[in-house]
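Marked as active site by TrEMBL: 443. Positions annotated as ATP binding site by TrEMBL: 447, 448, 449, 450, 451, 452, 453, 454. For 357-501, the entry in TrEMBL reads domain 'Fido'.
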């Protein structure tokens, strides 16, 4: 008679076969009743609503939103295909957001369909789906499919969104406007619908973002067709709208977000120390900070690390060849990786305080930092060697957060832009704060992004002579909440305020230590 473990293994084989086909969302009929109940009881499946299941993890805590947010868009796609066949599409607003690489899971997604019933379907973690009854389907040329979702094309979305979107979601509007290559993309739907008011709005919007040729062509073409077009700028008058140089949506998005946030960060900048006259004393201070920095940075990520372990690793009392506990302990291996990466970051900081370009150095070195972080785990066989390859090639999700980092395909467009923005930014504090946040926003690596972002922050702080700054684990909740505010609501002020407080604490602590030495 099969043991309970053998029975579970049999059910997991069924689940694995479905997951291997790329599914995270399932109908109850995809499993036998026995397999379904066994997998749900063991935590490998979770119910979304009657008849629908998603992949989960036995390690997920009660109320953990990660499995749901990881499955949200696939669920929307499968659910809508099941109910409406091909006769559905997302709203113009949501289409615009997705084209602009705005990846936050919405509280409510609105789906248009002739088969809709104006009904709200409650979903997990405070989300919902509203199926709006539409009179008919838009022309086929206006609809594109992306990862199973039926969206308006970028041009069709711009024509259809209400004016308030340009005010409330200016970043998304600008990114999509910048991504259009020529006026004909919007002229076709404008002419077909005789939409002279929308034509005036879009012409003014293109003119505002620095693309007057497209604006002129829209106006001239509409007038030649007999329409009276009057330009009306939909952006807020006080908004500073700098032309975006990027074509890739994620690149344009990062440029727009940097521009949006940098002024608020600069306003909170602590007093600038300037590059240190005594580089040796500065580096001694960095060394003295290591023990505290490693403890707090690793603890923020959930590692159980003691000060004794940090000290043992620092003094090379770590011996995986002869000590089985060192070889097998994930926490010990992570502490060793942090020590190794810290040494490389310190070498770069040494060059930065000597006048080297911090952005250029980090652009070149950050992959080496990452490799050192995880090399001990690879050598111990806890993670595969491929983990050291570099940028991720799969989706990542953040525990409990509605923010979802960009698609992995966008990462390779995003990272060069981040380093270009760092290089172009003259304010070292802005480089540090926005560099930290934006690195986490992109989340380029499969793991270790928080530690990497804090390393980057301190390298950029060094470029202004600021001391190495520790983000403490006892402030973890406010720290992660502030990062969420920046990523979801585009409100950087809480995060910049926290960093300013910690930098000022570091300045005071360093000054006190210096007085003691003298």
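Glycine is no exception: its Cβ is also placed from the backbone N, Cα and C atoms.
In this structure, residue 451 (ATP binding site) is part of a helix by DSSP.
Ranked by how many other Cβ atoms sit within 10 Å of their Cβ, the binding-site residues 451, 454 place 454 at the bottom. Apart from 447, 448, 449, 450, 451, 452, 453, 454, the residues listed for ATP, the same chain places the Cβ atoms of 301, 373, 439, 440, 445, 455 within 8 Å of the centroid of those Cβ atoms. Here residue 453 (ATP binding site) comes close to 435, 436, 437, 439, 440: these same-chain residues lie at least six apart in sequence, with C-beta atoms under 8 angstroms from its C-beta. Counting in whole angstrom, residue 443 (active site) lies 6 from residue 449 (ATP binding site) by their C-alpha atoms.
Across the binding-site residues listed here (448, 450), the residue whose Cβ sits among the most other Cβ atoms within 10 Å is 450. Broken down by DSSP into helix, strand and coil, the domain 'Fido' (357-501) contains 98 helix, 0 strand, 47 coil.
Looking only at the domain 'Fido' (357-501), the predicted model's pLDDT averages out at 95. Around residue 452 (ATP binding site), the C-beta neighbours below 8 angstroms that are at least 6 residues distant in the chain are 366, 369, 370, 373, 439, 445. For residue 447 (ATP binding site), the same-chain residues lying six or more positions away in sequence with a CB closer than 8 A to its CB are 374, 387. Ranking the recorded positions 443, 449 by other CB atoms within 10 A of the CB puts 449 at the bottom.
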